[in-house]
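Remarks on the structure that follows.
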Amino acid sequence: MSEVRRVVRDGLWDNNVVFAQMLGMCPTLATTGSATNGLGMGLATTVVLVSSGVLVSLFRNVIAREVRIAIYVLLMSTVVTLVDMAMNAWLHELHKVLGLFIPLIVVNCAIMGRAEAFASKRAPGMAALDGLMMGIGFTLALMVLGGVREAIGQGTLFADASMLLGQHFAFLELRLEGYRGVLLMILPPGGFLALGFLVAARQRMLARARARSLGASAGAGITAGT
Amino acid sequence: MSSIAAGGLRQRPGLLLGAFALGCSAMLGMGDLATHEEIRLRQAEDLRNALDQTLSAVPHDNNPAADTVAVEDEGRAVTVYRARLAGEVRGVAFNWVSEAGYGGPITLTVGIGRDGRIASVRVLSHSETPGLGDKIDVRKSDWIRGFDGRGLDTGTRWAVRKDGGEFDQFAGATITPRAVVGAVHASLKFFAGNRARLLAVPAGPGGDAAATRSETPS
């Protein structure tokens, strides 16, 4: 498998930030009360993942091992602050909605994780691709988690998406009439519950796929690992 | 040359860290310079929008965002924006924070007419539970419009129904509406307590011009 395909697969599924690496739990659980909030947090994080990945990769031959963590922290907090200022100035409407998520990105250890595990060893182009894919994977995970909690919790999906994305996306907003919702799913415990069930579902899918491929390669029809 | 410098820095982590700190600070400084003015403009626009919304029921011909009075209230400074028509203060608007919210402080922008009645209340920021407490936001529900026209002298029972008042609580959320009702009530008392000062036409250049205008028969 080519390296580009590997990176894409890792980010989106095999090594997904939320469902496989289990990183960035604080923003994940805190912002997924609705699909729209999950999407917003995911997009803001993606921008930071890409830019911090490129920066770390550019300086990878200069940064001494002993102080690398301190330097990564410096670079990342600089990027987050710059993104915050730039959005406040030039994407003000979006900033009013996403603004509250941006400081939360600093506590997302997935960004530090990618700098240490990937960007510090690869060329800037590859680091950018990795950041983008990890970011998209993170965004999708947050949207699914937010969607599940929102649907069960208050019977809506993508409520207020038009406030984040503009009026063209108002069609995304769905509402189940006459459903009163389960408050628990919106509150913090619901985040843990939904995440647990989603991770379990993913594990089951992986186990099935593994069984199938083993069965196929053995050719004898042995259902392995069960 | 640069590779020699970089190689030298690698041997001295302290210097390297210092260099990065300097570089990052420079980037932040440049970022601030580039965005400072734009952010100030956007925030002024936000303020004007909020004041337009809360003072739309108060007839005025000035720019309330530029006509402010700072009033001390229990240790905190409240900036009051004034709406005037022909020099006379017809209404005021100010931000009022309630610490009694369920998910954190709730910031309201309250507009009050000269007669001491609510012109309009809007929630500026809150972190209440989505789907429950966030009905205080005018984009989600009309509940907040229920304050319009009420004052300390309108015989209003300033509490939610559960507490014997006349404002609806939400199904599953009492703390949030209770906090908002309490904050609106407190803001009315603040207005009543400082009424003379808030409605006085100041002796500043704006006040003088306005006073002259109203005295001169046209």
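Note that the numbers count up from 1, one per residue, in the order the chain is shown.
Cβ atoms here come from the backbone N, Cα and C positions, even for glycine.
What TrEMBL lists as transmembrane segment is A:39-59 (among others).
Under the heading transmembrane segment, TrEMBL lists A:71-91 (among others).
Annotation source TrEMBL lists transmembrane segment at A:97-115 (among others).
For A:127-148 (among others), the entry in TrEMBL reads transmembrane segment.
Taken from TrEMBL, the feature transmembrane segment covers A:181-201 (among others). Away from its own ends, the transmembrane segment (A:181-201) comes close to residues 18-19, 28-30, 32-33, 144-145, 148-150, 152-155 of its chain (Cβ-Cβ under 8 Å, at least six residues beyond either end).
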Among A:39-59, A:71-91, A:127-148, stretch most in contact with the transmembrane segment (A:97-115) (C-beta, under 8 angstroms):
A:39-59
Positions whose Cβ lies under 8 angstroms from the transmembrane segment (A:39-59), at least six residues beyond its ends:
24, 27, 31-32, 71-72, 75-76, 79-80, 83, 97-98, 101-102, 104-105, 108, 110-111, 114-115, 118-120, 122-124, 126-128, 130-132, 134-136, 138-143, 146, 161, 164
